[in-house]
Each structure stands twice: as structure tokens, then as C-alpha cells.
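Chemist: Got a structure for you, questions after.
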Amino acid sequence: MAVTANVGSIFPVVWAGDRVQLIDQTRLPEQYELKDITTAAEMATAIRTMIVRGAPAIGVAAAFGMVLGAREYRGSDREGFLAHLENVASELRQTRPTAVNLFWAIDRMLGAAQQPTATLEELQQHLLETAQTIAREDVQTCQAIGENGLSVLPKTPEKLRLLTHCNAGALATAGYGTALGVVRAAWAAGRLERVYADETRPRLQGAKLTAWECVQEGIPVTLLADTMAAHCMQRGMIDAVVVGADRIALNGDTANKIGTYSVALAAKAHNIPFFVAAPLSTIDRKIATGAEIPIEERHPQEIYQVGFSRITPAGVDFYNPAFDVTPAYLISGIITELGVFAPADLAQGIGAVAG
Ligand SMILES: CSC[C@H]1O[C@H](OP(=O)(O)O)[C@H](O)[C@@H]1O
């Protein structure tokens, strides 16, 4: 796993001795604020309210939430400790249903607690070390995704114009990003002209977060309203699309931020490569197709309120799915830390390569 790129300086989830410090992503881009999280319940709230968001970042946050929860145990017996940890896991699992990284990280932390001879203190320390390993591995994974993504981007004489949707950047991971990891690698290699970022209603992660990350690092970025992607493709303004993922089925069907499916359809219509960039921890080996992926529905206020203004009259009904599923046939390649797989080769590829 090549780990050569400069990882930058955006780390949304950081352990700070006895607490977790989160970049409060609901305050960006106006305010850069760190929020101290000292209990598992506070971490669950932070995930649910999207102070921290993005599939890998949610997994890392949940892992540290398990650490905080383990430290809250006041008993002295192992059985009681493990029962307490299961309760913490249950609370964290109920925060958001779609990003499989949440469940992957919680399961990995519960596995780390199964040490029959360790004292409770040793278990708590081992849980902290496991969460820190998950975070460190995620940054390295994103760097490898960036390098692997660079190898499959169109080989054009001109610099590339990449479109992305939502935020799959450093803020959505432990650092560096997945889709924006590919963007960072292309920028570092001198192969990127600019990023076209979909604003991504209703939470506007593209306008607020992807644009912010690009500006922080001097990467040229053009913000698009969500209605503009197809037009830009028709006008020959886009060379490739790279997006993140929240859950990938074994056939390559991919759940990602609502609107991704529309972008993929437009890319197909214009014969533009459409890539999903995601770590193996986003692949759900328990499901065969995207039909099995639970789609989170969030509060209608995210739709009817922009800033502090309500944009609809009373008496309107709402539907607010936070994700949609892009079928495998629309995906040119799935970029992982172990390589780039055509959807049809994914199940065998990760099985064979992961060993
Ligand atoms: C690197 S995966 C990021 C992924 O998560 C985002 O969803 P949310 O902001 O609701 O957590 C979006 O689907 C991104 O592509």
C-alpha cells in the first residue's frame, strides 16, 4: 500500500488524551470549530447530527465512541464490562443506517475486546490502540486509493477536469479523502485542471465542505448547482467523475449521497468514466446487490429550510432520502486501496487479493 503522498492537515476525528476532538462540520465553512466529545452518548449525537459525517469518518468516530464508552464502565468484572460495551455498540449502531463503515468499525472494536486474560484496564488501553490503528490505517488507505485512482484516470494531453458529488474528502475520512484523495493525487501529479463540485442539496456538503477543502489547498474548484452536471458533460467540460461511497454490494451496486445516481446516468449518456472511490471497509460482503442497502431518511427540515429561511409554504409533504443506489452497470471502476476493480470483478478481486 503506497503511502507517499502528503496527507495534508485536515483530520476530522482526533484523540486528545481523554476526549475526541471533532471538526464541527455543521459550522464549516463559516467557522472552523473543534468540538470536544467526552462520552459515547455525545459521540452518538455527533454522528446522528452530522457534526462528523462521511462513511469512513463515521467508522473512525464510532471506534473512538467505543473507547469513550469503555472508559465509562464503573464495575470491576469482565462480563459486566463486555455487556456494557455491547450497550455502547448498540447505541452507536442506531445513529445512521447506510454507511457500513460504522458497523464494520464497531464490530472490529468488539472483536478487540475479546481478550480472555486481559485486565479491564488493559482492555481499555487495547481498545484505544485499536481505534487509533483504524484511524491511521484509514489515512494510509486513502493515500493508496488516491494513487490507484490516478492510474485509471483518462490519459489526456490536457489536464483533467473532474466532477465530484457531495464530500468524499479528508472531512469524510480520517484524512486525505477517497474521491478527493484521487483529486489530491491528480493535483500533486500536475494532472488536474480543476474540480467541478456539485453543491449537493439538501445538506450542501459539496458547497460547504468539498469547496472548503479545495480552497484550503489551492485546488481550483467550480461549484455547480445539482441541476448542472448533465449540461456540463454535454458541453464537454468534464473528463471523469469520481465519487465516494457509503456501502457497496458485492455486485458493485453502490450507495452514495442522493443525486449520485443521476450523475452516473448523465455520465453514461455522455460516455464519461464514472468511478467510485472507497476503502474495502465500505464493501458489505454480506449483501449481493444494492437492493439490500438500507437508505437513511432524514428530517424534512433539511429540505424546507435553507439557512434560517423556510423555502416552502405549509401544507407540503416531503421525502428526504439521504442516499441513492447507483447500479453496477453505470460504474466504470471501483477504486480501492488494493486496486481498481470493474464491478463484475469486485467480489472475486477483493476475495482473491484480500486473501
Ligand atoms: C468518503 S465516503 C463519504 C460519503 O458520505 C457522505 O454522506 P454523509 O455526508 O451523509 O455522511 C456522502 O455520501 C459521501 O460520498
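Heads up, the Cβ atoms here are built off N, Cα and C, so glycines get one too.
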Chemist: Kindly point out which candidate in Arg96, Arg108, Arg161 is recorded by TrEMBL as part of the substrate site with Arg53, Gly54, Ala55, Gln205, Asn256, Lys257.
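Modeler: TrEMBL names Arg96 for this substrate site.
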Chemist: Between Arg53 (substrate binding site) and Cys166 (site 'Transition state stabilizer'), how many Å separate their Cα atoms?
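Modeler: Approximately 11 Å lies between the Cα of Arg53 (substrate binding site) and that of Cys166 (site 'Transition state stabilizer').
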Chemist: Measure from the CA atom of Gln205 (substrate binding site) to the CA atom of Asp246 (active site, proton donor) and give the result in Å, rounded to a whole number.
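Modeler: Just about 14 Å between their Cα atoms.
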Chemist: Other than Arg53, Gly54, Ala55, Arg96, Gln205, Asn256, Lys257, which residues of the same chain sit close to substrate? List them in sequence order, counting a residue when its Cβ is within 8 Å of the Cβ centroid of the site.
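Modeler: These residues sit around the substrate site: Ile58, Ala99, Cys166, Asn167, Ala168, Ala172, Gly244, Asp246, Ala322, Phe323.
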Chemist: Using DSSP, would you call Asn256 (substrate binding site) helix, strand or coil?
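Modeler: Note: Asn256 (substrate binding site) is in a strand by DSSP.
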